[in-house]
Amino acid sequence: MAQVSGSCSQGSAPNSASSSVGPEQIQHLLHVCKEAKKTAYCPYSHFPVGAALLTGDGKIFSGCNVENACFPLGVCAERTAIQKAISEGYRNFRAMAIASDSEEEFIVPCGACRQVMREFGRNWDVYMTKPNGTYMFKTLEELLPLSFGPEGLKKL
């Protein structure tokens, strides 16, 4: 897949045959992840992150990072959104958008989040944003190449 940057206000969409996310859905995901960032609990890192997860049937679940004084117990925004969706019975996901306050770089999912996302497929669209409205598009397979997933356990 090609990397695509676009302006949120212009509604730029990836030029990808595998992308099942339309321009309006992309814009909505970008808005929801920015709103979710506002509810982040990050008193230690002061690095709020918001995520918006699009299910196969078009429902959106949001999530934010939630830190803990015992640092390993914190959870990322991406995993919060996934856990919310799973707890509501959803297992089929198409896309995720992620927002932070980082002006210099696009926010990308950490390795743990990439692996949790991979549990539910390889063909996700991932929209990584900056506060100025630009975003970068990658597939999960591009972010986590040569990955291990549930089908790998069937070979054991």
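In case you wondered, yes, glycine gets a Cβ from its N, Cα and C as well.
The compositional bias 'Low complexity' feature in TrEMBL is assigned to 7-20.
The feature domain 'CMP/dCMP-type deaminase' is assigned by TrEMBL to 24-151.
Counting only same-chain residues six or more apart in sequence, the Cβ atoms lying under 8 angstroms from the Cβ of CYS76 (Zn(2+) binding site) belong to VAL49, ALA51, ASN65, PRO109, CYS110, ALA112, CYS113. Under the heading Zn(2+) binding site, TrEMBL lists CYS76, CYS110, CYS113.
For GLU78, the entry in TrEMBL reads active site, proton donor. For GLU78 (active site, proton donor), the number of other Cβ atoms no farther than 10 Å from its own Cβ, over all displayed protein chains, is 29.
Just so you know, the Cβ of CYS113 (Zn(2+) binding site) picks up 25 other Cβ atoms within 10 Å once every protein chain is counted. For the recorded Zn(2+) site, residues CYS76, CYS110, CYS113 set the reference point as the centre of their Cβ atoms, and the other residues of that chain within 8 Å of it by Cβ are ALA77, GLU78, ARG79, PRO109, GLY111, ALA112, ARG114, VAL116.
Across the range of the domain 'CMP/dCMP-type deaminase' (24-151), the DSSP-based residue counts are 42 helix, 34 strand, 52 coil.
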